[in-house]
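Copied over from Swiss-Prot, here are the features:
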{"type": "BINDING", "residues": "ASN9, CYS10, LYS11, ILE145, GLY179, ALA200, SER201", "note": "substrate binding site"}
{"type": "ACT_SITE", "residues": "HIS92", "note": "active site, electrophile"}
{"type": "ACT_SITE", "residues": "GLU140", "note": "active site, proton acceptor"}
Amino acid sequence: MRSPVLIINCKNYEEAAGGRIRGLADAAAGAAARYGVRIAIAPPQHLLGIIAGRDLGVLAQHVDDKGTGSTTGYVVPELLKQSGVSGAIINHSEHRVPADQVAGLVPRLRGLGMVSVVCVRDPAEAADLSRYCPDYIAIEPPELIGSGRSVSTERPQVIQEAAEAIRGAGGVKLLCGAGITSGADVRRALELGSEGILVASGVVKSADPAGAIGELARAMS
């Protein structure tokens, strides 16, 4: 995915359930075309097939370092690829995995031509996990996730320190998330060194999700 990028994590919010995910995906695709910004959406896992294959990045919210075959219940990269999914979020604060799984998953996704977005809690973890050279490192201080208090205003130094921490990591790009709700939050994050945004409740639980997507995308254009 080219920069800048906006990733919308729908988590397991009821606002993204059933057919409502199509409305979010349509709004995201429209904003991407209007503002020339790359947008990806991570729907609830069981809804991946509904929007996969659209002219829109589609990410799994989690992926397992397991193989195809007799691996009941696991989310397998190769089957995601065959279903039109373009990449995966790894190590989200709500679904943490050991570093050795990150080490296995990042090259596996790369080998399939898929995007890896590795979430970290702080600059130290950014430095540690960037050695596996994912496409993106997403810095999200857990205390700000879903708070409505933006990392770019509450903890701006975290973005700057994370950008510095991954500087020598072979083209890894920095995203930031946690509390992003407005175009002003986005602009500030980009000024601080982020190359994109990972957002969840600020869009999905908004009274006007399409309007929220448009505001964030416009700030990145």
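Placed from the backbone N, Cα and C atoms, the Cβ positions cover glycine too.
In the three-state DSSP scheme, ASN9 (substrate binding site) falls into the strand class.
Cβ packing within 10 Å was compared across the binding-site residues CYS10, ILE145, ALA200, and the lowest neighbour count falls to ILE145. Nothing from the binding-site residues CYS10, ILE145, GLY179, ALA200, SER201 places its Cα within 10 Å of the Cα belonging to the residue listed as 'active site, electrophile'.
Here the recorded positions are LYS11, HIS92; the one with the fewest Cβ atoms within 10 Å of its Cβ is LYS11. SER201 (substrate binding site) falls within a helical segment according to DSSP. Within the set of recorded positions (ASN9, GLU140, GLY179, SER201), the lowest number of other Cβ atoms found within 10 Å of a Cβ is recorded at SER201.
Annotated pair ALA200 (substrate binding site) and the residue listed as 'active site, proton acceptor', C-alpha to C-alpha distance, rounded: 12 Å.
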